[in-house]
Amino acid sequence: MNLRRFFSLQNPLQPQFKPFFKSTTLFVKSIHALAIITTENPQNPTVLTLTHDAEWTPTSISYSKLLSRCCQSKSLGPGLQVHTHLVKIGLANDPKHRNHLVNLYSKCRVFGHARQVLDESPEPDLVAWSALISGYAQNGLAEDAISAFSEMHRLGIRCNEFTFPSVLKACAMKKDIVGGRQVHGIVVVTGFESDVFVANTLVVVYAKCGEFLDSTRLFDRIPDRNIVSWNALFSCYTQGGFFAEAVGLFREMVGGGMRPDEFSLSTIINACTGLGDVKEGRKIHGYLTKHGFGSDPFSCNALVDMYSKVGDFEDCKRVFERMPNHDIVSWNAVIAGCVLHERNDAALELLVTMRRSGIAPNMFTFSSVLKACSGLGLRDLGRQFHSVMIKSDIELDPFLCCGLIDIYSKCGEIDDATRVYDKMPEKQLIALNALLCGHSQNGNDLEALSVFAENYRDGIGFNETTLLAILNSAAGLRDITVTEEVHGLSLKTGYLSDPFVVNSLIDSYAKCGRLENATMVFDDSPIPDLATFTSLISGYAQLGQGEEAIKIYVKMQDLDLKPDPFICSSLLNASAMLSAYEQGKQIHVHALKFGLLSDVFTANSLVNMYARSGSIDDADRAFNEVPEKGIVSFSAMIGGLAQHGHGEKALALFDNMLKDGIAPNNVTLVSILSACNHAGLVTRAKTFFESMEGVFGIKPTQEHYACMIDILGRAGKLDEAMGLVDEMPFEANAAVWGAVLGAAKTHKNVEIGERAARELMAIEPEKSGTHVLLANIYASAGLWQNVAEVRRVMKGSKVKKEPGMSWVEVKDKVYTFIVGDRSHFMSKEIYEKLDELMTLVGKLGYVPVLEIDLHNVVSSEKEVLLSYHSEKLAVAFGLIAIQAGPIRVKKNLRVCVDCHSFLKFVCRVVEREIVVRDINRFHHFKDGCCSCGDYW
């Protein structure tokens, strides 16, 4: 997209002040002068010219009229000439002339001259002081206006109904309630409180300073309230964000018989915009049309702004097209509305139309179009707009800088974003926050913390947005120190009462693994809301503590808080981690009850939960009901099919995904390789692996290499697997060497097993699995002395073998078993059931696989040791406690050969399906067979 298509700007000619005379003698030469007021066009400001007339004799009255005309037209040049002449002829100290001069210079912002005239006056009067104070106030110099008023008051000059509104306006601008109250006291003492203009200004002062109760009381005391009185109150309430109150006052005014004017109507339309109440806004629109204000530019602009911000673009378009003249405010309103509702293309097209109409964009236009570019990811167009702003001398205020930082950050150009920030003459907190968020969004968490530390030392300060960005980066880095420091800073500065800061603290503590701290912040929060519960539940779920996550969810329900998609997704993921099928089903019911399954994240989490809880059929049904299937949906289902041993189905679904035009990502291709692995599809796996970069543009990672090496190793192609290890473009990690060690164990290759074990022990010396697998390899080769040496090393280095554990869920409760476990309250019944099963399967031909036991003992002892593995105890308990349906068991290690053989016989005897999820995959035992085909 080329910027020339949008507009071509030239630097506007800056108006330059050219004095009417180079010396005071220019006018003095002519004693006789005539002031002629000419108006070439009624719409243009009055033009004052001086012409020579020898027959005209000036008088004091003539000079007063001439200076009055200069004041009206703000004609500084002629006024200076008149002043020069008055000095020359000795009439400059005439009170009327002096007051006119002070008024002229004040209106023209030449306050040095105004003050000089005032100071040189022998007896400055109220009119001159009022003119000076009014000039200061009208030009935004509130401090000077208040100072001048104080000086005048000290001189004992009594104020009038013209002076008080000016100084009160200055107090309102400064939000100086103390000064306002002091002036109010003088108003009361001098008896001007009943003057409607003074009273109106007092109402504004109190309202602008946030004292709405006092403001309303003063308003109620005004004896003869006019439309100006009402408008003052409407405006203050609307500007203060009290939109509903403003609308209520409007109804009260209309109900009292007061007819609104265009200012009232445009203000109340703005209040409706703030409320997002388009229904009330349409009523005001009708009232506006009925009373003949349909062409008022202020009201029309307010209507355009309201309709665009509430997203009613048809009505916005109608109002906009009926306007007699479109000014920059009209265009900005409709463009900003499009951006607000993410109609970014429409916003840019409107910019084109605006430029064709001859209206140049201003800083507010650019602020909107930069957001549009950011939303569309149009980095180059945003860069061109940046260039146009620089060439057009448009001041880059903090909001524009934020827009530039935002677009560069979202487009990954964080260096450009940093340059924009660095070039700001005065660093603003809003721009710093945008830069911090940009670093965080781009994963530059360390840089975000560094930038914050540097600016904090420079005294730029911080607010809740800053703390959110820093906590997000601290969470990304898992930096508990920064999290604790921000916690202390939030507590000290009072930001811990902000719910967003509380939620971010909970999230950061959870991601740092400090759930006790996260819970403490949660418990200390005044009124936990839905977002607070979401943060804590997500924290527990992410750390695998699904049971605690469920408990917090129950507590949330006690407060009558309805879950949202984020909570449902977190709970479903927690259930998936636990393989808690029953719990997951309950969350499914809640998602249905609250209508959350239309949310794609919840729907994807449901697919993942059922797939990881052992019910691939339920996962398939959930997948078919996902409203908009994306890469996450397909990856979850493909991964589920792979884990359940349905390799061909996984590959078929992958083909369908490609036909739908959805490109795979890293996760999808890991799932595809896993599907090939579990199904023993070596050739297909090679094809996918070798074409990853060429076909899909994805470079293989450590995880992809580990999958491929595992595939080759399981298939007995150990030499090929080792060749791939040596060819890797990076150092092999634990996952790669783990795959090699597993393959060596499967094929009893002592040499390769020893090499893999050495590498793993160097990478993860604390892991017991490496020693156990190596001992298994030695045991399978009959090298019992080596087995003993491995055990001695484990004992000497204090590496403990991870015990085999199995879980089974019964009626929302999870029961855990370890080998030979007798801690269960039903241990007697469990062991009796297991003995019964042993007898039954023995009659069908089950024979214990003794060679897998590493103990160097006689066969009878090995048989006893194998009989009480954790999965056997879990299955026995499941058969007792679960009367119908599949028995679902989760195991923390790979299921052993003997248990695998035993469960194939058990499923035939009891005529029940048994689903075991081990560390690698799911095993569905049914009718004497396993879904893995004995290949795992």
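Even glycines carry a Cβ here, placed using N, Cα and C.
If you check TrEMBL, you get these features:
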type   : residues : note
DOMAIN : 845-936  : domain 'DYW'
REPEAT : 125-159  : repeat 'PPR'
REPEAT : 226-260  : repeat 'PPR'
REPEAT : 296-326  : repeat 'PPR'
REPEAT : 327-361  : repeat 'PPR'
REPEAT : 397-431  : repeat 'PPR'
REPEAT : 529-563  : repeat 'PPR'
REPEAT : 599-629  : repeat 'PPR'
REPEAT : 630-664  : repeat 'PPR'
Fill in: Close approaches to the repeat 'PPR' (296-326) from elsewhere in its chain (Cβ under 8 angstroms; 6 or more beyond its ends)
262-263, 265-267, 269-270, 272-273, 276, 278, 281-282, 285, 288, 333-334, 336-338, 340-341, 343, 346, 354, 357, 359
Worksheet, complete the sentence: Over the repeat 'PPR' (397-431) the mean pLDDT stands at 86
Worksheet item: Looking only at the repeat 'PPR' (599-629), what are its DSSP counts of helix, strand and coil residues?
Response: 22 helix, 0 strand, 9 coil
Practice prompt. Please work out the helix, strand and coil residue numbers for the repeat 'PPR' (327-361) from the DSSP assignment.
Written response: 26 helix, 0 strand, 9 coil
